[in-house]
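Each remark here refers to the structure printed beneath this line.
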Amino acid sequence: MSVNLVTEDDRRMSKDPSDIQGLTARPTQKFLRFQRPFTREVSQTLTIENNNTEPVAFKVKTTAPKSYCVRPNSGRIGAGESVDVQVLLQAMKEDNAVVHSKDKFLVQSVTVSTDKDFSNVSSIWQHVEQTSKSSIHEQKIKVEFLPAKTSTEQPASSAVNGVTSPEEEPPTYTSPTTAKFDTPAANRASPPDTTSPATETQEFNTSSPPATAQPKPANENILKAQLAEAKAQIEKLKDQLADQGLRQRKIGTTQGSTTSTGLQQQQPHQAAEFGVPLPAVAGLCFLSFLLAYIFF
């Protein structure tokens with residue numbers, strides 16, 4: 001049991017065999033070729049085909065998990081189906097930081113029995129590694145860095161690379177961590193650009209109040225006019241109060257004079273009232289006349 005790995009070289013050969021410098025057969029050694037410049041993210045597509053009659057579980061490992069993102073790095077392929085695996089080379093700070101690549105990929109595959117039900121891919125691999133580790137099929141893929149495209153340069157020959165680069169003992173492979181399947185570092189650096197307009201608007205908002213504070217002189221003039229008007233009203237009220245005080249004083253003096261004259265007029269009446277009433281005088285006269293008449 002094995003799966004078929006289709007790289008970009010295989011796709012070009014299927015379209016035009018002469019494109020790979022006259023190769024008439026697919027090379028036994030598979031390559032993932034990444035074209036410079038590497039100051040940006042570069043991707044390659046690896047197609048995994050299942051030509052078997054049973055489902056297959058696969059897993060992709062690499063010797064440089066910090067430099068690559070593999071999407072997806074594991075999965076399950078039905079019989080006669082295929083899956084495209086995206087291999088992303090992270091952006092480098094310098095294009096010529098690495099001249100020749102020694103990175104490798106390892107594709108592991110195993111047949112999934114239809115009589116066994118597995119909830120996820122990790123449980124499949126856990127079961128296989130515990131029970132039948134020898135049934136795992138492995139295929140190696142090398143990584144090659146190509147120069148930048150020019151009008152005169154031709155792609156390097158895969159046959160030459162296969163001959164001149166001797167087979168090396170594969171180093172220990174490690175699965176790319178799940179954190180590496182997030183957005184690449186080059187894309188993760190982009191959020192500051194999205195947040196910068198907010199800071200610009202904040203700066204614009206903080207600088208805008210001085211423009212609205214320009215009408216202060218007009219406000220001061222209005223306040224001065226209102227203050228002057230209030231002072232004038234206060235003076236007017238003071239004058240009115242003074243006039244009312246004078247009027248009250250005049251009225252008081254006239255009332256005093258009228259009361260004094262009234263008292264003077266009432267005093268004679270009171271003095272007159274203190275004398276003998278006329279009926280009493282008449283009575284006395286009549287009494288004295290009567291007494292004189294009787295006795296004399």
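For all residues, glycine too, the Cβ spot is worked out from N, Cα and C.
Not measured: the values here are computed from a predicted model.
Looking at the stretches 80-107, 220-247, the one that TrEMBL records under the feature coiled coil is 220-247. Proximity of distant same-chain residues to the transmembrane segment (274-295), defined by a Cβ-Cβ separation under 8 Å and at least 6 residues beyond the stretch ends, is recorded for none.
On the 0 to 100 pLDDT scale, the coiled coil (220-247) averages 78 in this prediction. DSSP labels the residues of the domain 'MSP' (22-146) in these numbers: 14 helix, 55 strand, 56 coil.
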